[in-house]
């Protein structure tokens with residue numbers, strides 16, 4: 001148990017709470033401590049009956065059963081892997097920026113869920129985070145199951161097909177990818193690559209609540225790969241190894 005506790009405490013803080021909630025809420029529903037009917041996102045109950053907790057519980061809840069257990073575990077693994085990698089990588093030392101990304105993606109997914117009658121929001125939010133990681137590491141070579149190798153930018157779409165094969169819904173993964181793309185475009189692509197206006201910025205109250213743990217000004221300062229390559233070319237620098245691929249499933 002001490003090894004399990006040490007592993008759990010080693011998970012980055014925000015990912016740790018998200019991961020724990022994604023285990024606790026389905027467990028509560030599975031044990032019948034709270035009826036699962038109160039955990040889904042139902043537009044009528046949320047809007048007309050003011051059951052305002054539903055967007056939150058629908059983000060953590062997943063109906064685990066014989067036909068959905070494997071899909072749940074796979075997406076729980078994706079949550080742990082890619083949220084941890086983002087929180088300790090591009091967002092390292094910037095918890096306010098990471099919380100803002102999660103909040104932006106979550107609000108977009110909740111609005112979409114209400115409009116499209118999506119009752120579960122766990123997979124779309126996980127996929128939106130995975131999409132952002134894939135774009136920030138788009139040229140990284142990853143190895144998927146069965147030995148297939150490809151660039152990280154294709155990973156969200158490969159997982160979309162994989163989740164569909166094992167029983168998921170293409171809609172959930174597609175919404176997650178589109179929301180992740182919206183955040184990446186507004187935060188990185190449009191202002192940094194295209195020279196446009198920066199439409200997204202982390203509110204100051206988040207910085208007061210979760211201050212940066214390293215020096216420098218508040219805000220996100222890691223450009224996407226295309227900007228880094230352009231800067232290297234201008235400086236006459238050679239090719240740089242920004243990281244190594246990894247095999248999904250390795251610990």
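Keep in mind that glycine also has a Cβ here, set from the backbone N, Cα and C atoms.
Under the heading region 'Disordered', TrEMBL lists 230-251.
Marked as transmembrane segment by TrEMBL: 17-40 (among others). Same-chain residues lying 6 or more positions outside the transmembrane segment (17-40) and placing a CB less than 8 Å from one of its CB atoms are 8, 11, 51, 54, 57-58, 60-64, 72, 76, 79-80, 83, 102, 119-120, 122.
Here the transmembrane segment (60-80) has long-range neighbours at 11, 15, 18-19, 21-26, 29-30, 36, 39-40, 120, 122-123, 126-127, 129-130, 159, 163, 166-168, 249, meaning same-chain residues at least 6 beyond its ends whose C-beta is under 8 angstroms from one of its own. For 60-80 (among others), the entry in TrEMBL reads transmembrane segment.
Sequence-distant contacts of the transmembrane segment (101-134) (same chain, at least 6 residues past either end, Cβ-Cβ under 8 Å): 14, 18, 22, 40-43, 46-47, 55, 58-63, 75, 78-79, 82-83, 85-86, 89-91, 152-156, 159-160, 163, 168-169, 171-173, 175-177, 179-184, 187, 200. The transmembrane segment feature in TrEMBL is assigned to 101-134 (among others).
Taken from TrEMBL, the feature transmembrane segment covers 154-186 (among others). When Cβ-Cβ distances below 8 Å are used as the criterion, the transmembrane segment (154-186) is approached by residues 67-68, 70-71, 74-75, 78, 101, 104-105, 108-109, 112, 116, 118, 120, 123-132, 134-136, 142, 144-145, 148, 199-200, 224 of the same chain, each at least six residues removed from its ends.
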